[in-house]
Structure formats: structure tokens, C-alpha cells
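**Q** I have a structure here, written as C-alpha cells, and I will follow up with some questions on it.
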Amino acid sequence: LGSGSSQFRFTKQKSSSSKPVFEMLVSFSNFYTFKSIVVTDCKQSQSKITATNLSHVFLRTGEWWLAKSLITGYEGYIPSTYVARAHTMEVERWLFKDMSRRDTERLLLAPGNKPGAFLVRESETTKGAFSLSVRDSTPEQGDIVKHYKIRALDNGGYYISPSTTFSSLQELVKYYARTADGLCQRLGSPCKTATPQRPWAQDEWEIPRETLKMVKKLGAGQFGEVWMGYYKNSQKVAIKTLKEGTMEPEAFLQEANLMKQLQHERLVKLHAVVTQEPIYIVTEYMANGSLLDFLKTDDGHKLKLPKLIDMAAQIAEGMAFIERKNYIHRDVRAANILVSETLHCKIADFGLARIIESEYTAQEGAKFPIKWTAPEAINFGTFTIKSDVWSFGVLLTEIVTYGRVPYPGMTNPEVIRNLDSYYRMPCPDGCPEELYDIMLKCWKDRPDDRPTFDHLQDILNDFYIATEGQYEMHP
């Protein structure tokens with residue numbers, strides 16, 4: 001919500017939980033219906049949020065904030081993206097604060113938005129300035145986002161073209177919704193965003209098996225199954241079941257407690273565990289399943305190279321976080337990346353590989369993911385973040401080939417022999433040389449010569465920046 005001003009009331013009071021908190025008068029955007037989570041009577045209620053609904057926000061952490069309605073008196077959690085300070089420009093659906101250019105493009109290009117979808121965001125570089133971002137579509141480039149700089153007048157007005165000025169951002173948006181007047185598109189609907197998943201109570205970590213309901217099997221592997229299900233019949237979750245004997249419950253719980261500390265928007269949220277065998281792992285639900293499976297679908301095949309590289313950049317961002325935390329994944333491949341409804345990628349199964357020991361025994365044959373594994377890990381069992389970098393290079397080939405198995409036509413023993421002779425996969429068809437060069441750097445023989453994930457994230461984020469203008473020039 002940002003800092004306060006004279007028109008808002010900041011008073012130190014006590015909420016129903018009797019903890020001293022700050023409160024702020026807020027209103028909700030009037031375009032959303034969502035399931036509010038009511039604390040006072042522990043029920044779910046379907047709430048139509050309107051501009052007249054005012055609440056005091058007590059606690060602002062993460063995607064859901066604790067608030068109390070001034071109308072009903074109920075206290076509960078509300079999505080932070082639906083909250084705006086009353087009587088300010090924040091109530092406009094098209095205004096997105098603290099949004100980077102890269103995240104803007106990801107949002108506008110997500111399913112549900114069409115050409116003409118737009119948003120206005122604060123400038124990352126110029127205080128008090130704004131940018132207009134619009135989804136466009138061309139036969140040559142497909143779906144793209146174009147950005148226009150909104151400049152401020154000395155008298156407080158705004159303009160994109162000096163010949164047409166406006167007293168407010170609202171007037172500017174209304175004008176370009178009527179006519180494109182030089183923009184790539186007439187402004188259509190404000191950018192749509194997905195409702196954040198419901199918050200998980202912090203004390204609900206080790207949970208009884210009976211609280212979970214299995215609904216639909218999503219997949220099965222050597223060590224168990226993955227299901228879509230519900231927690232307490234209300235919250236949709238993904239449930240990974242592990243076959244008995246896969247790992248020791250004590251070792252699993254120790255590792256799971258470590259995994260729980262790794263919280264990042266590019267990592268799948270670990271919600272809870274069932275620690276009695278068969279062990280269950282409960283995570284957030286990702287609607288499009290694994291990246292490997294999604295790339296093979298019709299929707300996956302429609303993705304153009306810029307979106308594929310953006311997905312790779314998202315994965316590198318998550319791995320850079322793991323790198324900063326001095327953690328290791330050990331099983332980086334498209335099957336362990338999950339895809340959301342809005343085509344955001346998140347890393348799954350980090351940490352599990354270390355405690356499923358049989359998967360990492362070369363003698364187990366197919367159970368060992370040879371084609372993704374660095375030579376030093378195959379030959380000496382040496383896993384480091386640099387062996388994850390090698391695997392990421394292989395993952396890049398999966399992405400650019402829409403899920404093709406690496407080293408096509410080779411058996412695992414053939415791959416091992418070829419790697420010992422310094423063989424590297426050739427450049428995949430349709431892959432830019434610049435991207436193949438990144439793969440080769442990931443496959444350097446000496447682990448220390450491979451790039452960091454932080455560096456890979458920067459390279460992939462900027463992959464197209466050098467060839468495109470920062471802003472469109474208005475005629």
C-alpha cells in the first residue's frame with residue numbers, strides 16, 4: 001500500500017487477535033469475485049467485492065493480507081492485488097505499481113489477455129513518470145508487448161505525443177481507448193491477473209493423511225504418483241505420494257524442513273507433509289503440469305522462441321535463488337519444472353534427489369538421469385551447483401526442441417562414453433547460435449568454468465534487449 005498521506009488514517013490499535021497493529025483505510029477494486037477466507041467464524045464465504053467495501057488492513061505480508069471489513073465486521077485474508085487505497089488512482093484496474101518491464105510482458109502475454117490488453121506502470125528509472133504497455137500482434141512477430149513512455153507536464157498533466165496532452169492519466173487512458181492515434185492498438189481491456197492461491201496456515205506443516213482428498217492422478221514415476229486433490233475439502237493442492245521404502249521418514253522430514261525455508265516466487269511452494277509412510281508431500285497446484293508435458297501440447301507448440309527463452313530466464317531466476325542459498329537441486333530437467341495457468345515456471349522437487357538415494361546410483365540404469373547429469377557427478381558422485389548448471393544447459397535443449405529427449409538416438413552408456421571423449425550435443429534445429437553458445441558454456445568440462453545462475457539469468461533476461469528499442473516512438 002505504500003506510505004500514508006494526510007487523507008488516510010493510521011492509528012495504532014488492536015485487532016481481534018489482541019496484537020498491536022497498524023491499520024489503514026482501503027477500498028477494493030470492483031471487478032473481482034473471490035473466496036474470502038473468514039477467520040472469525042472459520043467459514044468460507046463467496047464475496048462480491050465492490051468499490052464501497054472498505055476495510056482496515058492489519059497485516060501486510062505476502063500475497064494475502066489480514067483485513068477487517070467495516071461493513072460486516074468479519075476479519076479474514078484478502079488478495080493483496082485487489083487492495084487499493086481509497087479515493088486514489090490505485091483503484092484503477094489498469095494501474096500496476098512496482099512492476100518491472102519483464103514482469104509486465106509476462107503478464108500481458110499470459111493466456112486470458114488479447115491484443116489491446118494494457119496496463120500503466122510506474123517507471124523503473126524515472127521517479128514520478130509512467131509507462132503504457134500494450135499487447136500487440138503482428139504476422140511477423142506474433143504476440144508482443146510494446147511500451148510507450150508517458151511524460152509529465154510541468155503543470156501536472158501527461159502526454160505520450162506532445163501534440164495531445166491530458167490533465168490526468170485517467171483522461172489519457174480514456175482517449176486511447178477510443179482511438180489508437182499512433183499506438184499499435186486501441187486500448188482494450190486492462191491486463192488480467194490470476195487470483196493468488198489461498199494462504200497456508202503456518203502451523204499446518206505435519207498434517208494428518210485424512211485431511212487430504214485425492215481427486216485426479218496427474219502422473220506416476222518410479223518413486224510414486226502425483227495427484228491433484230484438496231486439503232480439508234476446500235483448497236486445491238498437488239499431492240506427491242512416495243512409495244514405501246523410498247526414503248527414511250526421519251531423513252525426509254529433516255530435508256523437508258530445509259526445503260520449507262526456501263521461499264521464492266520461482267520455486268513451487270511446499271505447504272505440508274505427511275510423515276508416516278507412505279509419505280505425502282503437499283505443494284501448490286500448477287494448472288499446466290510439468291514443462292516437459294506442456295511443451296508437447298498444442299498450446300506448448302504455439303510458443304514462439306521469445307517466450308521459450310523467457311521461460312528459461314524464469315527457471316534461471318529460481319536456480320539463482322537456490323545458488324545464493326548455497327543449496328543444490330541435483331535434478332534440473334523439464335520434468336521437474338511446473339507451469340502455471342499464466343505460463344509462469346516454477347522449480348519443483350528441489351532437495352528430494354539427495355534423499356532418494358537409489359535414484360542416484362549409476363548401476364540402477366534408467367533410474368539415473370544420465371542425460372541431464374554432469375560428467376563429474378556421473379563418474380565421481382560429485383554434485384554441486386555447477387553440476388546443476390550443466391543440467392540447465394541440457395534443459396535448454398528440451399525447451400528449444402519442445403520436449404525432445406536429449407542426445408536423441410543414444411543410449412545412456414553411449415552418452416557416458418561420448419562425454420568422456422568431450423562430445424557435446426550439436427546445435428538443435430531452429431536454435432539461435434547465441435543460445436547454443438550459452439548451452440556450451442554450461443557444458444564446460446571444468447565445473448568452475450561454467451557460468452553462475454545469476455549470470456545466466458541476466459543473459460537470458462537480456463537476450464532480446466540488444467535488438468529492440470526500450471520504447472516505441474510515437475509519431
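Including glycine, each Cβ sits where the backbone N, Cα and C put it.
Bear in mind that TrEMBL entries carry predicted annotations, made automatically and left uncurated.
Just lifted these from TrEMBL, have a look:
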type    : residues : note
BINDING : Lys240   : ATP binding site
DOMAIN  : 94-191   : domain 'SH2'
DOMAIN  : 212-464  : domain 'Protein kinase'
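Tell me about the surroundings of these features in the structure.
**A** According to its DSSP assignment, Lys240 (ATP binding site) is in a strand.
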**Q** With DSSP as the reference, give the number of residues of the domain 'SH2' (94-191) in helix, strand and coil.
**A** 18 helix, 32 strand, 48 coil
**Q** In sequence order, what residues of the same chain, 6+ apart, have a Cβ less than 8 Å from the Cβ of Lys240 (ATP binding site)?
**A** Gly224, Glu225, Val226, Trp227, Tyr280, Ile281, Val282, Thr283
